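Enquirer: Annotations per Swiss-Prot:
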BINDING   H161, C196, C200, M207  Cu cation A1 binding site
BINDING   C196, E198, C200, H204  Cu cation A2 binding site
TOPO_DOM  45-60  topological domain 'Mitochondrial matrix'
TRANSMEM  23-44  transmembrane segment
TRANSMEM  61-81  transmembrane segment
Amino acid sequence: MAYPFQLGLQDATSPIMEELMNFHDHTLMIVFLISSLVLYIISLMLTTKLTHTSTMDAQEVETIWTILPAVILIMIALPSLRILYMMDEINNPVLTVKTMGHQWYWSYEYTDYEDLCFDSYMIPTNDLKPGELRLLEVDNRVVLPMELPIRMLISSEDVLHSWAVPSLGLKTDAIPGRLNQATVTSNRPGLFYGQCSEICGSNHSFMPIVLEMVPLKYFENWSASMI
């Protein structure tokens, strides 16, 4: 989860988020190298006398600055397309959870279980217990088994919402009349927080998401107690 004054990304909890962080570092290094080259050329132009002002063309230079950007774009595009494919691929999910956005709360339905559904509201600040996080705690957490592929079906009952959990690399729009899907896989147990990431009205900031990832046997006990 996030920490006060944190500058970097949240700790990766899913394979997708690990890939996204690696891609971020890869792209940032390319941007840093290009920026350094541009600053170096600008400094040369400002500190040296201009030469070859009468040159009309330079075939070698034009070839380089045509081919080099194309190579750089390919170096960025290939890993990006690979991650997009991974995010869209869902192989034999063990569980499907339907998520519906409302103004201003989330409702969840475990479609593999009969009558296992609930609404999830933010806990008001005055009702928080010591150690709980302001604007991030909910009355009903989404309990899911860890280390297993889970399919989330996401939609909305009213306006546009967005179901996002940064540490899992998840951000999927909840659109009325349309069913989007996402894959959830956690490498470790714990509580993972997110929020609605699409402005949806006056209480947009009060739609937190809390995923509780637990071992499979604990999830089975929880689901049995909820039915």
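Yeah, the Cβs are placed from backbone N, Cα and C, and that goes for glycine too.
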Enquirer: For the topological domain 'Mitochondrial matrix' (45-60), what's the model's average pLDDT?
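Expert: Across the residues of the topological domain 'Mitochondrial matrix' (45-60) the model's pLDDT averages 73 on the 0 to 100 scale.
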Enquirer: Could you state the CA-to-CA distance between E198 (Cu cation A2 binding site) and M207 (Cu cation A1 binding site) to the nearest Å?
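Expert: Their Cα atoms are separated by 10 Å.
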Enquirer: Under DSSP, is C196 (Cu cation A1 binding site) part of a helix or a strand, or is it coil?
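Expert: The residue in question, C196 (Cu cation A1 binding site), is strand (DSSP, three-state).
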Enquirer: Which are the residues of the chain, C196, E198, C200, H204 excluded, whose CB is within 8 A of where the CB atoms of the Cu cation A2 site average out, their centroid?
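Expert: These residues sit around the Cu cation A2 site: G101, W104, V159, L160, H161, S162, S197, I199, G201, M207.
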Enquirer: Could you round the CA separation between H161 (Cu cation A1 binding site) and H204 (Cu cation A2 binding site) to a whole angstrom and send it over?
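Expert: The Cα atom of H161 (Cu cation A1 binding site) is 9 Å away from the Cα atom of H204 (Cu cation A2 binding site).
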Enquirer: For H204 (Cu cation A2 binding site), which residues in the same chain are close in space, meaning a Cβ under 8 Å from its Cβ, but six or more apart along the sequence?
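Expert: The list for H204 (Cu cation A2 binding site) reads W104, C196, E198, given in order along the sequence.
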Enquirer: Just going by other Cβ atoms within 10 Å, which of the binding-site residues C196, C200, M207 has the emptiest spot?
Expert: C200
Enquirer: Show, in sequence order, which residues other than H161, C196, C200, M207 on the same chain lie with their Cβ within 8 Å of the centre of the Cβ atoms of the Cu cation A1 site.
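Expert: Same chain, not in H161, C196, C200, M207, Cβ within 8 Å: G101, Q103, W104, W106, S162, A174, Q195, S197, E198, G201, H204.
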Enquirer: Translate the DSSP assignment of H204 (Cu cation A2 binding site) into the three-state scheme.
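Expert: Its secondary structure by DSSP: helix.
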